[in-house]
Amino acid sequence: MGDRETCNHSEVTDFILVGFGVRPELHILLFLLFLLVYTMILLGNIGMMVIIMFDPRLNTPMYFFLGNLSFIDLFYSSVIAPKAMINFWSESKSISYAGCVTQFFLFGLFIVTEGFLLAAMAYDRFIAICNPLLYTIQMSTHLCVQLVAGSYFCGCITSVLHTSMTFALSFCASRTIDHFYCDTRPLQRLSCSDLFTLKMVSFTFSGLIVFPTIIVIIVSYLYIVSTVLKIPSTEGRQKAFSTCSSHLGVVSVLYGAVSFMYLTPDTFPELSKVASLCYTLLTPMLNPLIYSLRNKDVKEALYKLVEKKSTVL
């Protein structure tokens, strides 16, 4: 008991990231899998940002939000994937205390920001379909910038509070994090502090983040569906729904993955790791694919960019 009381957060200089409980010979396979997925994330999200920046036809609020979504996906996956890949080859598998704090903070910042950004994108689709004549007025550049800045602000405030409370905990003798990155629940398992306050604050903030964003998305799509069903022509209804299908796909992937992660019992850490992969790597990989495959404007802009490069060469 004395060791548990004397070893606090100020004495911890690093942590050990256990990673996945597989045989060492499978590490090379996991490394190659992570490398493949991360390469697709880089190509997909950087490609999406380049297309949006260089094609004037995509200079609209929807693609402004989509460009920011790609930026967020790119960076929060980059917070996780490179360190995980390094640890597949490392004997120590350590991460410094400062590195763990930074990883924890940045991941929290970007994942919360993405939730608010998806709500802003739902509102954008609501205005575009339900009030098309006022779209350019209501979705002004100023409002779009405010919505994105507000998303980052909410993400930053939430992450600062959660990170400061988590790393104010006293950590016990073990420095071993049973995960492939510094996440909330594995860090809490190392603590010998009373977790009641942290869990209540985390629960409260989760409610303040999840419920408003989900409500905005649900209400926006209820109005969208109601408006679309009033369109007399089948072609008109299909065209209206096609502008929303990509966003709905992204929302389903993210919230489905996060729900899977946090509904997974904490008594099964290996299952929690697999669930974490869904939103740390699979979601940022799938988002640009969903938008590029389901969006005619993006496909045309991509073909135009490829043709321009081919002409130059």
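Using the three backbone atoms N, Cα and C, a Cβ is placed for every residue, glycine included.
If you look up TrEMBL, you'll see 28-51, 63-81, 101-123, 143-161, 203-229, 241-262, 274-293 marked as transmembrane segment. If you look up TrEMBL, you'll see 44-291 marked as domain 'G-protein coupled receptors family 1 profile'.
With respect to Cβ pairs under 8 Å, the transmembrane segment (28-51) is most closely packed against 274-293, considering the stretches 101-123, 143-161, 203-229, 241-262, 274-293. Beyond the ends of the transmembrane segment (274-293), by six or more residues, the same chain brings 34, 37-38, 40-41, 44-45, 47-48, 66, 69-70, 73-74, 76-77, 80-81, 107, 111, 179-181, 183, 246, 249-250, 253-254, 256-258, 260-261, 264, 299, 302 to within a C-beta distance below 8 angstroms of the stretch.
Within the chain carrying the transmembrane segment (101-123), a Cβ under 8 angstroms from the stretch's Cβ atoms is held by residues 62, 65-66, 68-69, 72-73, 75-76, 79-80, 83, 95, 147-148, 150-152, 154-156, 158-160, 162-163, 166-167, 181-184, 187, 209-210, 212-213, 216-217, 220-221, 247, 250-251, 254, 258, 279-280, all 6 or more beyond its ends. When pLDDT values are averaged over the domain 'G-protein coupled receptors family 1 profile' (44-291), the model yields 89. Cβ atoms under 8 Å from those of the transmembrane segment (63-81) belong to residues 34, 37-38, 41-42, 44-46, 48-49, 52-53, 103, 106-107, 110-111, 113-114, 117-118, 120-121, 124, 144, 147-148, 151, 180-181, 250, 280-281, 283-285, 287-288, 291, 297 of the same chain, restricted to positions at least 6 beyond its ends.
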